[in-house]
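As given in TrEMBL:
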{"type": "SIGNAL", "residues": "1-31", "note": "signal peptide"}
{"type": "DOMAIN", "residues": "35-488", "note": "domain 'Glycoside hydrolase family 9'"}
{"type": "ACT_SITE", "residues": "HIS415", "note": "active site"}
{"type": "ACT_SITE", "residues": "ASP466", "note": "active site"}
{"type": "ACT_SITE", "residues": "GLU475", "note": "active site"}
Amino acid sequence: MAPKSFSFPVIFPVLLASSLALLLLPTPIIAVHDYHDALRKSILFFEGQRSGKLPPDQRVKWRRDSALRDGSTAGVDLTGGYYDAGDNIKFGFPMAFTSTLLAWSIIDFGRNMGPELKNAVKAVKWSTDYLLKATAKPGVVYVQVGDAYSDHSCWERPEDMDTLRTVYKIDNAHPGSDVAGETAAALAAASIVFRSRDPAYSRLLLNRAVRVFNFADKHRGAYSSSLHAAVCPFYCDVNGYQDELLWAAAWLHKASRKRAYREYIVKNEVVLRAGDTINEFGWDNKHAGINVLISKEVLMGRADYFESFKQNADGFICSLLPGISHPQVQYSPGGLIFKAGGSNMQHVTSLSFLLLAYSNYLSHANKAVPCGERSASPALLKQLAKRQVNYILGDNPLGMSYMVGYGSRFPQRIHHRGSSLPSVAAHPARIGCKAGSRYYLSPNPNPNLLLGAVVGGPNVSDAFPDSRPYFQESEPTTYINAPLVGLLAFFSAHP
């Protein structure tokens, strides 16, 4: 089941601690982490999420081709792309965000990836190839394949799928500036990744990003208004579409260096509410990401006209600091960032990625973040990010890794259809919609290891039910892993 949007009020008390106290919280003594092994597995996870015709170099061997007729009901080819989580739907909004964060991970930390860089680039291209198909028709963006209610009533392998593969789109009369804006951001960010690797593909991505952004900006509206029954409550845009327009413009500015995008950002900063909800970052809310991304220009000394974005970014950083953190950001007793709702690891990895990226930008500028009477140095931000990564990898009260296949103890019963059902190789006969229920309810570990999958994670008390029905804790998602790729790359080079 795909997670819902998690912009809910906090229901737990804020846990206060000094920065140093948080970093020194008692946790199990574990050998030095093999960040490169974790990086390799975090990228490999995306191969387990692939939809469509699998390539000859596919490494996750228990998967097979699936959804080979996607788009046919609408007369288009929409094969490929990623299943977002443990279900078999292709949701365009989180897929595009995943693409943007994978691209950003490579842009900022690719030099730290070593031999895994080529696999990270392939992970981006698997997604952008699909996004190019979804945006091939001017004035139209295909934003979802599959009926979520039909899909969620079954527990079946993607290879056996017989649920509705309904195609959903936005167009001039049915706008979706949020999903179109995020798609434009993904295409623009990926164009930077491929600029030197494949210049023709890079130009195609950037040109498409421009066209999709113009469509998003001209026909404004939220896709959850146009397609409410299909996308809500799964990936309903609770936060509004304004942030995606600024986010797309920021990536287009970075990719094209065109003055028009700089002027758009400055002109629309207040109108599109750049400073709103600055302690959020995820598939639904881009505010903190916008401010951190744009602040790099200010810190490099090239863009005084973006100074207010840096002030917003500084405020975001201060909102995460233990001891003075924002009421909507708390820490578990074991030191994990916690935001109420569900699938908490999406917040942990995304917010930690921004801590690390901003730390690097500050380091190059020899700056720190003023937080009232305190100051947050780049080193402190790196420590905070590393503390979160180490928690995921096993430095936590349960002494377990939340990444499948990393360490000696990790989740065994993840909420994931393909992982929990026998593979086609082990069970060639079709497993029907309801026939999979016994595997869903089984207390046995999943037969197929989805290596690198990071699950939703423990609750605010650091407790974790290793059980499929607890999907908010046990379901992996592409947008949990995407920012983690960048984090693991950095720490593999700077352990």
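Positions of Cβ are set from backbone N, Cα and C atoms, glycine also.
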Quick check on the active-site residues: of ASP466, GLU475, whose CB has the lowest count of neighbouring CB atoms inside 10 Å?
ASP466
In whole Å, how far is HIS415 (active site) from GLU475 (active site) when you measure between their Cα atoms?
5
What's the CA to CA span in angstrom from HIS415 (active site) over to ASP466 (active site)?
9
Using all protein chains in view, find how many other C-beta atoms are within 10 Å of the C-beta of HIS415 (active site).
26
